[in-house]
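So the structure is just underneath, and the comments pick up after that.
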Amino acid sequence: MLYDIKGLNEECGVFGIFGQPNAAQLAYYGLHSLQHRGQEGAGIVTSDGDDLFPHRGQGLVTEVFSEETLTNLKGHHAIGHVRYSTAGGNTLENTQPLHFKSRTGDLALAHNGNLVNADSLKHLLEAEGAIFQTTSDTEVVAHLVKRSKLDTLEDRIADSLARLVGAFAFLFLTEDTLFVAVDPHGLRPLSLGKTPDGGIVFASETCAFDIVGAEFIRDIEPGELVTITEHGMSSRQYMEPRERAMCSMEYIYFSRPDSIIDGVNVHTARKALGKKMYEEAPVEADVVTGVPDSSISAAIGYAEASGIPYEMGLIKNRYVGRTFIQPSQELRERGVKMKLSALRGVVQGKRVIMVDDSIVRGTTSRRIVGLLREAGATEVHVRITAPPITNPCYYGIDTSSKEELISARLMPEEIRQEIGADSLEFLTVPGMVDAIDRPFDGPLKGQCTACFTGEYPTPLGSLELEAKL
Ligand code: AMP
Ligand code: SF4
């Protein structure tokens, strides 16, 4: 099929800095604080005003960079990327930022998100003679920029961005300019900050500002393109904003609790999700426990609302990577087992409420219910502070393919049996939206809820996506 939609599984973090001495070092710290967004590859490209200096590699930020490599990344401007991908795409050439050299100057690009129409654009570009070096859909954008006939690079980037369908936060770096853009729905977060020395900083999450001592200024708006040169910063709409649709999973699972997305602190949102969970599905029990790390805030919220004490019923070995990175089901199950232990002293003889943020394949919940029972829990009540994930994400969050999603196959009662819980409840979509309480109007308050409802904010069908160059 020509217009194939990939559920490409990329969860990434981006960081950019302009007009700041030691840009590479700060990008390194920034990326380190975004490490939870991707652990498979990292890269930084810097500019000293005349040339670009790239360094990329597979692995964690601390593995990819050394003091020596950072010293070689010269200049006052930098963009960086941490990457997560599942089977197939994890190769060095797909590690970002991508770096393209041309007669008219170099261009480096870092992308967080996923383009739904990348394949159709790629076909058309290849038909015109473009040769792709990577399998990453991000490269499509570089080709679009290259083939655009408009006068300025800013216009060429704006023109290219307007042809994309999907979710993106993009950073583009040339020798002397940083361009930054977000998709017209604002599906992926990107914030702007300032360092005390006057450097301009961009990051997927505001937690990266804290580590480099930058002050948060504002979020990048849907459809906005920001251009920064040594003469200052300007902003334009490369496209009219569409209905706002920030990814719900950023609040529920993905972002760090200390980050603030569109004015809502992630920890506060998770606590409110836990409180809402209690309101929607109370149950009698002795202790509430959360699955580390992402569900602790929600479990505290549930405990506070219910008056049932919060206890550390599970602990995590910090030195094992995320469960999802193991590619096979068997390895994933072993991954869960290696990562978590139940505290017998806390749960033995107790009725336990186990709060987790989401169920994707059901592997984690089943294992944890088992761990709690092995440690002597008399009852295990599972509370999931998100609605059932019944649809895949095409916008860059790895919620798996439809066949792997347990909630796409089974009803909650069947899932309860499968994971061996005494009770299982999910949040409702209105409950979730109400709890996160984003400062926007409308029934979804500017949230994407597609993986729960199947109502995608962008077109997905092949005809709707027919690309035009
Ligand atoms: P599963 O075991 O497949 O049901 O996955 C659910 C667990 O994975 C939950 O504990 C979540 O915290 C976590 N999780 C949810 N979404 C993602 C994601 N996109 N990438 C990695 N982990 C996730
Ligand atoms: Fe986020 Fe789900 Fe929307 Fe994907 S489909 S962007 S995971 S809310």
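Using the three backbone atoms N, Cα and C, a Cβ is placed for every residue, glycine included.
Record check, TrEMBL: [4Fe-4S] cluster site residues include Cys247, Cys448, Cys451, and the candidate from Cys12, Cys393 also listed there is Cys393.
When TrEMBL records Asp356, Asp357 as binding Mg(2+), the matching candidate from Ser294, Ser297, Ser407 it lists for that site is Ser294.
Highlighted here would be the recorded positions (Cys12, Cys247, Cys393, Cys448, Cys451) whose C-beta falls below 6 Å from ligand 1, but none qualifies. DSSP gives Cys451 ([4Fe-4S] cluster binding site) a helix state. Asp357 (Mg(2+) binding site) falls within neither a helix nor a strand when secondary structure is assigned with DSSP, and so counts as coil. Among the recorded positions Cys12, Cys247, Ser294, Asp357, Cys451, the residues whose Cβ lies under 6 Å from any atom of ligand 2 are, in sequence order, Cys247, Cys451. Across the structure, Asp357 (Mg(2+) binding site) and Cys451 ([4Fe-4S] cluster binding site) place their CA atoms 14 angstrom apart.
Cβ neighbour count for Asp357 (Mg(2+) binding site) (all protein chains, 10 Å cutoff from its Cβ): 25. Long-range Cβ proximity for Cys12 (active site, nucleophile), meaning a same-chain Cβ under 8 A and a gap of 6 or more residues, is found for Arg37, Gly38, His81, Val82, Arg83, Tyr84, Gln96, Ala110, His111, Asn112, Gly113, Ser204, Gly396.
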